[in-house]
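**Q** The structure under discussion is supplied below as C-alpha cells; questions concerning it will follow.
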Amino acid sequence: MKKVVLLTCTIIVGGQWGDEGKGKIISYICDKDKPSIIARGGVGPNAGHTVNIGGKSYGIRMIPTGFPYKEAKLAIGAGVLVDPEVLLKEVEMLKDFNVKERLIVDYRCGIIEEKHKIMDRKDEHLAKEIGTTGSGCGPANVDRVLRILKQAKDIEELKEFLGDVSEEVNNALDRGENVLIEGTQGTLLSLYYGTYPYVTSKDTTASSFAADVGIGPTKVDEVIVVFKTFPTRVGAGPFPTEMSLEEAESLGIVEYGTVTGRRRRVGYFDFELARKACRLNGATQIALTGLDKYDKECYGVTEYNKLSEKAKEFINKIEEVTGVPVTIISTGPEMHQTIDLRNEL
C-alpha cells in the first residue's frame, strides 16, 4: 500500500494589488512554523518587500522575505526572473543573516539583462500608460516566450548558488518537512485575472506560484491570502474604492512603493474583490494586515478578545463575504504585534 505523507506546504498570496504586508506575515509564519525551505515564486525583481527587524527596515526584491529565519534554505524557483545585479547586492546586504550559504537559485531561472531594463523604461505604452516598474521583467518574459532568454546556468556570477529547486522542495515535502512558498505582487495584478491591461507580465495566483517552484497542486496544504485593511495600488489602472490623497493623509496612510518610490494610491476595503481573490487562489485562510490603521485602538494588540467591537465586526464581515477564516491579524509593523488564531480552526 502506498504510504500517505502528511502535506506541509503553505503558499502565501497577495489578495489585492500587492503591498499587502506579505513580508510581515511571512516573517511571522517562518518564526512560528520553522520551514526547512522558503521558496520564492512570482515574476521577478519588479516587486519589492519590506521586512522590519528590531527597528531596522530591509527593502528586498529577489531574496525570499523569510530570510530572518536562519534555519531555512532560501530558494528562487525556475519561474522567477533573476536580475543578477540586484540579487548579488541583496546577498551582500543580508550577509549577517547567512543568506549566501543558504541560497539556491534554480538553474532554469530566466535572466534580466540591461537591455531588458532599457526597453522597459523606454517603451511609452509600458512606462506611461501601464506604469511599469522599469525592472525589465516584461521584456525578459517576451524573450522567454521566444526561447532566446538566458538562464541562470549561463551566468558565471551565479554558479555557486545554482540548484534544482523543484527537487529540493519535493524532497523536503516527502520527508514531511514544512515548506513555505512566497508569492509576490497581488491577485489583482495577474496577467489573466487582474485589471487588464494594467497588470504584470504573468499570472500571480497560488497555482502559478506552485508551478514557479516546481510542485504539483496536490502537494499544497494551505493557501493563505493576505489582505490589508486599506488596499493600495502603484501605477495606473482601475481602483473602484479609491479615496483622495487628502482622505488617505487624514487616516495617516502615506506609503511609497519599495521599487519605484512612487506614492501609493489608497482605497477602502473591497469585500467583493476579496471574495473573488479567495476563489481564484483557493484560499484556506486569510491574513489581515493594518488593523491598527483601521482602528488605532488595535495597535499592538496580541489577543483577539482585546480587539475593539469595530475591528471584530470588520473581520466578521470579511469571513462572511469570502467564506474563509481570518486566522492571522497584524496590529503593527513588528513581528510580535500579531494575533494568531490558526490553532483555533
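Yeah, the Cβs are placed from backbone N, Cα and C, and that goes for glycine too.
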**Q** From T8, T195, T200, T205, grab the residue that Swiss-Prot records in the same IMP site as D19, E20, G21, K22, N46, A47, G48, H49, T133, R147, Q185, R262.
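**A** Among T8, T195, T200, T205, only T200 appears alongside D19, E20, G21, K22, N46, A47, G48, H49, T133, R147, Q185, R262 as IMP-binding in Swiss-Prot.
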**Q** Rank the binding-site residues G18, G21, G48, G261 by the number of other Cβ atoms within 10 Å of each Cβ, and give the residue at the low end.
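**A** Sparsest of the binding-site residues G18, G21, G48, G261 by Cβ contacts within 10 Å: G261.
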**Q** Work through the binding-site residues one by one (N46, T50, T133, Q185, T331) and point out the residue whose CB has the fewest other CB atoms within 10 angstroms.
**A** T50
**Q** Within 10 Å of the Cβ of L291 (GTP binding site), how many other Cβ atoms are there?
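**A** Around the Cβ of L291 (GTP binding site), 26 other Cβ atoms lie within 10 Å.
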**Q** Taking Cα atoms as reference points, which of the recorded positions H49, T133, R263 is nearest to T331 (GTP binding site)?
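**A** That would be H49, nearest by Cα distance.
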